[in-house]
């Protein structure tokens, strides 16, 4: 600034940064003045409120705050001379003389004086003053102990710290250092004075001491808000720059048909990618399930065709480690398969009732099954029943999920209700809808539930604490069949759904804006699954007996040479 260069390397400067932090150990002192009170530059007085100005076209940025935050950033980055020049030229000091004095007193170890100064610079909020005083006097207590001045430390504890009447448990802990000399050093709590100053800075109001990295925080916040407002942001490779506003195009959304998988002989009802994104499992009315492998170039090929069910396969569920797969027949049995060999390693069934849903426990040692008699059962992998819950816990046609903590089970317990049942405490929470529920999907972070309704709507519920409706998605068609939706894309920022009009629908999760309606299928699209490891890959299953793999327009040429075995290669929905 103004042609002045910083000649010293930033890491070697011992002058204080804007918050007065230097590499000082306990008990050491600094003779350098605090930023804003250098020998070479003295800031002019703060302008009066009548002279307050604003900058920027919107008139919402106060010039004084803006300059102080820039100065703070310069000091933090090690540009001490530039920071001092900015203070001198603008006449706006980073800190008031009282704050500079307070900071220097802390760093020099004049802790008693700093407490007195604190009361002059701190706000009227007495609780803040007491809490900050507690930290300072605690520092004094430890420094006295480290210098073997036990009686003075005891006096500080009794006459200065205890009368503050806060944090009684910590006071008892401090007393133990007097009684027992062994833990006296309390390495985890003894701070350097610069660390103490950093903690005090967080405690005091920002008008007194500007928070560290405040400018960086504001810029990051602006970038994040731009990214979240962008309806098409779906790529880790998309760099964000300070030089221009952020904007992505639709080219980041998987909207081109890259492959058509037609190895099934009947309607495909369900698809689900593995957790690692390396496999896709599909379930069909042809009484088979297929494990597809995602190749290095992104093309899918048949790995195993799973046969043995006597009825159509309604759903699948991947084990937490993706080594095994559950397949559920329609009111029939559940089979567990080895993904590497394609062999069935366990059959789960119960006399007199059919199984309608299944899922894995997060630990991978148990499975959950829903039955046609509306009960839910927990089984060990070898088929031994561990626990069961009778009554209205699930419906004849129902999805089933369990939270990552292994405690809360989710199922459709009534036509209009999703049950969140804690298997340990037996507590029950409910999501109550005004129309029958056909399916649901749990977000990766377990905080949200996507609920498909009979009335051509998809609702997004926040299920932390008391469930509350936070989003709605419309546009797809559903009149007769079970249509499933899913979360997906980068940070699950999108919602995708099948539809009876043969299209795949994609919405922006936060805004609810419909982004794409993808044509290509010739029958109802029953289920969709977004690859959790690749935000640019989406699969859809249809009554037209095919699975479509959707990707970016720019990728379709990469798939032309993938081996066929039940795979045809298309782009943009055309043959």
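From the backbone N, Cα and C atoms, a Cβ is placed for every residue, glycine too.
Annotations in TrEMBL come from automatic prediction, not curation.
Taken from TrEMBL, the feature domain 'CTLH' covers 95-152. Mean model confidence of the domain 'CTLH' (95-152) amounts to 90 (pLDDT, 0 to 100 scale).
The feature repeat 'WD' is assigned by TrEMBL to 261-294 (among others). Same-chain residues lying 6+ beyond the ends of the repeat 'WD' (261-294) with a Cβ under 8 Å from its Cβ atoms: 300-307, 309-318, 320, 322, 325, 327-329, 337, 339, 342, 484, 523, 526-534, 537, 539-549, 565-568.
The repeat 'WD' annotation in TrEMBL covers 306-347 (among others).
Residues or ranges marked as repeat 'WD' in TrEMBL: 494-517 (among others). Residues in the repeat 'WD' (494-517) partition by DSSP class (helix H, G, I; strand E, B; coil) as 0 helix, 13 strand, 11 coil.
Distant neighbours of the repeat 'WD' (518-554): 234-236, 251-262, 264-273, 275-278, 280, 282, 284, 292, 294, 298, 300, 444, 481-490, 494, 496-500, 502-506, 570-573; these residues of the same chain sit at least 6 beyond its ends, with a Cβ under 8 Å from one of its Cβ atoms. Residues or ranges marked as repeat 'WD' in TrEMBL: 518-554 (among others).
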